[in-house]
Amino acid sequence: MASAQEDLIDYEEEEELVQDQPAQEITPAADTAENGEKSDKKGSYVGIHSTGFRDFLLKPELLRAITDSGFEHPSEVQQVCIPQSILGTDVLCQAKSGMGKTAVFVLSTLQQIEPVDGEVSVLVLCHTRELAFQIKNEYARFSKYLPDVRTAVFYGGINIKQDMEAFKDKSKSPHIVVATPGRLNALVREKILKVNSVKHFVLDECDKLLESVDMRRDIQEVFRATPPQKQVMMFSATLSNEIRPICKKFMQNPLEIYVDDETKLTLHGLQQHYVKLEEKAKNRKINDLLDSLEFNQVVIFVKSVSRANELDRLLRECNFPSICIHGGLPQEERIKRYKAFKDFDKRICVATDVFGRGIDIERVNIVINYDMPDSPDSYLHRVGRAGRFGTKGLAITFSSSEEDSQILDKIQERFEVNITELPDEIDVGSYMNA
């Protein structure tokens, strides 16, 4: 888990360049390159434009390699998955080819790896040797400035004695192994490859791997030989409803992302509603919601620093345990407040969009957009804070103008979701894990 200081390095708030308005008074109560042909091949994703890879707080060596590859903006899959995957969360992701699934597990494992000579930390399984080489090339591309990290590929059809050579010298043996299931199981069974130090277990094109009885058996045998506490990530372009439960048997409370096409991205388990109201009624409504809803922790998003400060002050006057975080704070104070919220000292955080990118608090299960986000992209960043580690969350968006209504329409169209009006009563079980 990253430290609070690491979580908050180098955030900039271009989004806050809006005209400040005082809060109302409150009343109490690709695949990146899934081609892998040339390590210097340029590419670009049509992703969320306000976010760059630097917002994920990756190692400088990784950012440099990403820049060399010509990638500027992460794809939607990457910007939803990477903030969680680099924290060790299990991931089950379905998205068509070209959306950057490979880069999710390559970057997240390289971010977390601490190479030790003679120890394999990462296992990546795939169903063909061609795909294995593509993945190895991706590791080579992104680890070019991490000279101590070594990757090797293994597959059937060649004498296993050749594979033994790769593990003889600990100073040269791989930390990351990409392999087909049959050969990997043979290496483990013959005690050529020791898997007692594995921390990351990845299946690429997992449906192909798990639908085959033979490959599934090999995978299960290798899986059982690895430590019980490890990160498991599975990716595929196609993931039927029948295969998903099988995938999840290998996982613990995974982040589930299913992208059926370039526009549709569903955060499963997230209830999404709007409230139509006048600007002057927002504070009364936020007060009512905080009184009536059950929550672990809440993030309330506003559009400017001054509104964050004012709303935070008003909430505290009403005895709500609030704290505010925005880019106008000195770095040291920002880290201190972030840590207080992360450590559960405070249950309510009023924030600007600085909190909507790559920041993850396990207990947050409700997000309230006090001010409408300025774009569908910003909406996705914000509501993604809720229920990230679990399967349930609640997002409530205030709409107080015609412009707000238009943005809400764009959000629903972009992500093909139906955001309904907040009902008078909402079932706690729909947004709180039991």
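Numbering starts at 1 and runs along the chain as displayed.
Quick reminder: no glycine exception, Cβ is built from N, Cα and C everywhere.
Note that this is a predicted model, so its numbers are computed, not measured.
Copied over from Swiss-Prot:
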| type | residues | note |
| --- | --- | --- |
| REGION | 1-43 | region 'Disordered' |
| COMPBIAS | 7-18 | compositional bias 'Acidic residues' |
| MOTIF | 51-79 | motif 'Q motif' |
| DOMAIN | 82-257 | domain 'Helicase ATP-binding' |
| BINDING | A95, K96, S97, G98, M99, G100, K101, T102 | ATP binding site |
| MOTIF | 204-207 | motif 'DECD box' |
| DOMAIN | 269-430 | domain 'Helicase C-terminal' |
Six or more residues out from either end of the motif 'DECD box' (204-207), which same-chain residues have a Cβ under 8 Å from its Cβ atoms?
101-102, 105, 124-127, 131, 135, 234-240, 243, 247
Inside 10 Å of the Cβ of M99 (ATP binding site), count up the other Cβ atoms and send me the figure.
28
Taking every protein chain shown into account, which of the binding-site residues G100, K101, T102 has the largest tally of Cβ atoms within 10 Å of its Cβ?
K101
